[in-house]
Amino acid sequence: MGKTLVFGHKNPDTDTICSAIAYADLKNKIGVEAEAVRLGEINGETQFALDFFKQEAPRFIETAANETKQVILVDHNEFQQSVSDIDQVQVTEVIDHHRIANFETSEPLYYRAEPVGCTATILNKMYKENQVKIEKEIAGLLLSAIISDSLLFKSPTCTQQDIDAAHELAEIAGVDPEVYGLDMLKAGADLSQKTVQELITIDAKEFALGNSKVEIAQVNTVDIAEVTARQTDIEAKINEVIAAKGLDLFVLVITDILENDSLALALGAEAAKVEKAFHVTLENNTALLKGVVSRKKQVVPALTDALS
């Protein structure tokens, strides 16, 4: 049957990378030849986790069909977020915690999606269901994914299942989740060396919302002003992306991980829909979104309603 490739979405975050590594590990331990790969560059937060638990980053691929017939998707399902030749391979499994959209297969598959804060929380269960011991390093990566997606348990996407799983995994990994978690988040929030291009692509996802083509990028920081100081250059680069991709709306969500608020920078023909979605007024193309930290649970649903 050959090797199955396991990967998450483009512009990978910590859950995408760590869940791919963990699920490939589980598949191999139950007798399925699998390899974790990635569709983009590793961000600073994820690199911190990989270094801390002494794990190698998965290798980068641009296409999958040239080396396998079967793939497993983790942490995503929407085809525009996946590998470019997704239509040329068979998706045999999906393990995810997002909405289902723009997803169709020609053959039956194993599809597992749960309303939890992180794919890693589901994988923690799957190790138990398969009676496979989670090694210390894998536990550390799964913990890192949960901390990342839940913003150290502060995000509205975080469930009790995520918190319980994180504490189980922290015990196996031998770390204090609060201390380790804050160090990891701070590593990801250091934007001082990031180019403008990196700021708007490091965690960007494309969505079809209503009849609109929308891209939502998110960066975490401990100082929003550090990002807005570069607003002119950021807007120029965003406008290039809008033109190149034919986007109706690009929203950069700049999240303060200490205050748990975000600043939205919105550009494009549908930028006014951000005002409708969040009951705010854009000034200089920006608006403060109080208490908004989750793209999945707070930004995408609000924009979906506004654009429908």
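Each residue, glycine too, has its Cβ placed from N, Cα and C.
Taken from Swiss-Prot, the feature Mn(2+) 1 binding site applies to HIS9, ASP13, ASP75, supported by sequence analysis. Under the three-state DSSP scheme, ASP13 (Mn(2+) 1 binding site) falls in the coil class. In sequence order, ASN43, GLU45, THR46, ASP75, SER148, ASP149, ASP203 make up the list of same-chain residues 6 or more apart from ASP13 (Mn(2+) 1 binding site) whose Cβ falls under 8 Å from its Cβ.
When other Cβ atoms within 10 Å of the Cβ of ASP15 (Mn(2+) 2 binding site) are tallied across all protein chains shown, the result is 30. Residues or ranges marked as Mn(2+) 2 binding site by Swiss-Prot on the basis of sequence analysis: ASP15, ASP75, HIS97, ASP149.
Residues near HIS97 (Mn(2+) 2 binding site) in space but far in sequence (CB under 8 A, at least 6 apart, same chain), listed by position: ASP75, ALA113, GLU114, PRO115, VAL116, GLY117, CYS118, THR119, THR121, ILE122, LYS296. Every protein chain shown contributes to the tally, and the Cβ of ASP75 (Mn(2+) 1 binding site) ends up with 29 other Cβ atoms within 10 Å. Summary of the Mn(2+) 1 site environment: with the site residues HIS9, ASP13, ASP75 set aside, the chain residues having Cβ atoms within 8 Å of the Cβ mean position are GLY8, ASN11, PRO12, ASP15, THR16, ILE17, SER19, VAL74, HIS76, GLN81, THR119. All protein chains shown were included, and the count of other CB atoms within 10 Å of the CB of HIS9 (Mn(2+) 1 binding site) stands at 27.
Annotated pair HIS9 (Mn(2+) 1 binding site) and ASP15 (Mn(2+) 2 binding site), C-alpha to C-alpha distance, rounded: 10 Å. In the three-state DSSP scheme, HIS97 (Mn(2+) 2 binding site) falls into the coil class. Within 10 Å of the C-beta of ASP149 (Mn(2+) 2 binding site) we count 27 further C-beta atoms, all protein chains included.
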